[in-house]
Amino acid sequence: MARVGRVGFLTLAVVFHLMYAYSIFDIYFVSPIVSGMRSFGVEREASAEAPAKRLVLFVADGLRADKAFQALPDPDAPSDLENDEPIYLAPFIRSRALSHGTFGISHTRVPTESRPGHVALIAGLYEDVSAVTTGWKLNPVDFDSVFNRSRHTWSWGSPDILPMFKEGAVPGRIDADTYGEEAEDFSADATKLDIWVFDKVKELFASAKKDPELDAKLREDKLVFFLHLLGLDTTGHAYRPYSKEYLRNIKLVDKGVQEITQLVEDFYGDGKTSFVFTADHGMSDWGSHGDGHPDNTRTPLVVWGSGVASPRYTHEGTITGHEDGVSADWGLDSVQRNDVAQADVAALMAYLVGLDFPTNSVGQLPLGYLDTSPKDKALAALANAQGVLEMYRVKEEQKRDALLRYTPFEPLADNGETSVEARLERIKTLISNKSYDASIQLSSELLLTALEGLRYLQTYDWLFLRTIVSLGYLGWIAYALTTVIDLHVLHGKSESNRTTFSIMFFSSILVALFSVLLYQGSSWRYYLYALFPIFFWEEVFARRKALLAGREILLGHVHSVSGYFAFAIQLLLYVGVLEALVQSYFHRDIFTVCFILGGFWPITYGTKFLGQHKLLSASWALGCFLMSIFTLLPANKVEDMMMISCGSLLMFLTGLLYLIFERSILGQKRSSDPNSVVSSCGSRTIMGAQVGMILLALIVTRSSVASLQAKQGLPLGNQVLGWAILVSSLLLPFLHRLYPNSHYLHRLMVIFLTFSPIFIILTISYEGLFYFVFCMTLLAWVRLEQAIYIHTTAPTREQDHSVANGSLPAKKPSPGNTVVVEGQPYRYRTLSVSDARVALFFFFLLQSGFFSTGNIASVSSFSLDSVYRLIPIFNPFAQGALLILKLLIPFAIISANLGILNHRLEVAPSALFMVVMSISDVMTLNFFYMVRDEGSWLEIGTTISHFCIASFLCTFVAVLEFLSELFISGVDFGHPATTVGSAVAKAVNGSVACGHSPDSDISGEDSTSVGITAKADPDARS
């Protein structure tokens, strides 16, 4: 096929990585939802009633198990009270656990978000991990649930949760009464949300006394009442779960639950109501959730009322459920703790109210919560197992029909006495013989085996898909390296060399794969997964001569064994850095070690180099030392106005000092040209406005923080002004086009000032300090790289030594390497092995731009405190966009610096970016095999996050390539025909204009950027 150019390569990189980033969800997290199953319920005699006629479900959104049961300081106690003894904040719920019902911990799965949590509670189903985003908009639950099985369900609460169950159920079966989205204000008192729910329930029963039709409807059986209490989640996000506001909200919820319980009991008076109190997820100490931290996965479960077992008091030497020590300080050691998986709650509710188990439920009925006869327990356990077996049967039929060859799950295969039918008959026989305990044991074993079978079917295609994806990533690495060599080492002079055999070979593999996928009815994504590795490896094979020619150019200088050994050591070192970056995803302090070592990097170029560039080397070392500190600081931060102010003042002073000493910094003399004077004044005025915007952003942020911390809400004026600053700071730089200053330092300062106000508004702690240090370090890096480039291209003994040891320095542009830019010849030099080190530095700094202020065990590491200053109302897409904007700012800064570095190292604009994209998937492939879908939920969430971020960062490099061109558009690097390569010419030929030393544009003024240029010898040889 035709050779891909720069745009084609970058586009292919984006498409490939976006597709393959999704591959983990097709491999590890396929939706477990299937349809076509019959439902199963407990077989009762015609005259027998269900344990309860109705069920009331309380879900305290975001309530941690420990906060529900621990003794904690009274949030309403006077501050001057001497005897501030801890109290139990939920005495009524606690009394249900101690005297009236059964309690335990409900263990949730990741992602610990509201939609997956409610789906598990109400449908008994764990949605695939990617379903978390569907909770941010109306996306009906299109599978069976307890609500859908009920005769009627009344629900009250959040507009984010209730509609998805109502819209996905049988029409008219669910009533959903919600407050408006504007009520979810993080800056307001969130307890009003729970009060609203309790009041609405009271209104319903009050209306029934006046409405006979409603009264009759309420007295039917198989009814469910669902109270979604969002106050704790909203309060926890805003104030943290250890705050007085959160603790006060627990007291309010407990009081409300008590009132509703009493109201229902008084209304019916028949004692046939079951009550379930639980939470969809917990909350970390930082007010976040989403990952698998135990604070997020442990939620309270208290069940009482009709059909529920009374507390089982523990005795010494017996199993109490408290052995793990989690509940040691809850004061509940006297009663047994019965832990469940979150999906088990759906099975429990269905049993209590006499419903069939939801057809997609994988929950195991917790028999310890039931107050019923052994026979009923045995029948319930059997029905529970039959429901899960039915789901396995349907999924197996679908898998068998789709595959060319299917290998059944051995424990559930049709093998005579061990067949499913034989086991079910044995269980029924045991029940008939009143051997209830034995039948329950067999039912439990059969259910667990069915779950293992579902797991087997879920992972059936793993080997096939993982092999294809692995070959795809390896193929991309090989293809990208081949393309880099073809475009930037051989300059497109190599030709493809396809043979008839190779065409037939790769085509046959592709046809075979597509045929299998077509027969199996696979998703369209599978075809792309298969297409990419075939395409990449075919291209690599076709351009194998380019690889050989590139090897001659890049390593042709290496002839001795010691040279090859030195090159091998260098290669291993690069791979070691990439593997260190992999580990840095788990241990941020690896960045600290790397930065400290990197600070000494200039020493490797000898004492002469250090002597010529003392200030520059010191600046780089200082930047590295300061950067090493940030990854030692906690990733989870609390709001610190002092840190915000310090970072803001550093940004302000940087801009102010630049305005004062601009001419000295740029090495420009005062001009007498009227047009130049006007342009200079205009540019300085605009930059002055940018500097002033920083100060204004600090003032507004301090005011907003003070108001929010005082619980006075976000003033409208602050919100409007905050948005005005954010938008205007992004628009102001465009005014510089009216009064252009093309010096690269000026351009970098404009970009720095552009993002400073945004960073101030969206920072909560030390991020502003990081932004300042990061920009300073990048500038030192750009100037240091150019100094090294000039140093290593000079024909010195140091250069000869580096060649002998296998490290070929960069060469200055040769006359043949010419492209046309704006109608003029522009020469780029050939890439060398040493440029891989520059690309690796860029990739390291790119990663540090993300990790220095956070980690990615989960996205929830990033606090929402800052976005409350702009959007106090719950709006996940808008708030998420602001957080992403904050995360992307360092990437924008580094793209501008690399764009300038490309020019100053005289390489093609896309060259270094392409090298980065060639090597970065070494990390991505590591994380692909680290992804887990079982084990601790913290590990699962972490591995997903790691793979996705690594893959998206690689994709983002392609975007940065285009962004860098935008940022440096119009920057003056001198006349293309004369100044490209002038720095090298000065070092090689010694012909320096205006009396500057060869390094003057590095350590002092930048001569090539302000028109003080040297004549490059057009015939100079590399």
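Positions of Cβ are set from backbone N, Cα and C atoms, glycine also.
Noted from Swiss-Prot: of N497, N805, the annotation N-linked glycosylation site belongs to N805. The range from 336-356, 714-734 that Swiss-Prot describes as transmembrane segment is residues 714-734. Swiss-Prot assigns the feature transmembrane segment to residues 590-610, out of the candidate ranges 44-64, 590-610. Relative to the membrane, S243 and D972 occupy the same side according to Swiss-Prot. With all protein chains in the displayed structure included, the most crowded Cβ environment within 10 Å among the glycosylation sites N148, N433 is that of N148. Long-range Cβ contacts of the transmembrane segment (499-519) within its own chain (Cβ-Cβ under 8 Å, at least 6 residues beyond either end) map to 404, 468, 526-527, 530-531, 534, 537-538, 541-542. Most Cβ pairs under 8 Å to the transmembrane segment (641-661), among the stretches 590-610, 686-706, 750-770, 771-791, belong to 750-770.
The topological domain 'Cytoplasmic' (932-947) scores a mean pLDDT of 69 in the predicted structure. Taking every recorded stretch in 7-27, 561-581, 590-610, 615-635, 686-706 and counting its Cβ pairs under 8 Å to the transmembrane segment (771-791), the highest total belongs to 615-635.
With Cβ pairs under 8 Å as the measure, the transmembrane segment (590-610) is packed most heavily against 561-581, out of 561-581, 686-706, 750-770. Within the same chain, residues 639, 641, 644-645, 648-649, 651-652, 655-656, 658-659, 714-715, 718-719, 721-722, 725, 728-729, 732-733, 735-736, 739, 749-750, 753-754, 756-758, 760-761, 869 sit at least 6 positions outside the transmembrane segment (686-706) and bring their C-beta atoms closer than 8 Å to a C-beta of that stretch.
N433 (N-linked glycosylation site) is 35 Å away from N148 (N-linked glycosylation site) when you measure Cα to Cα.
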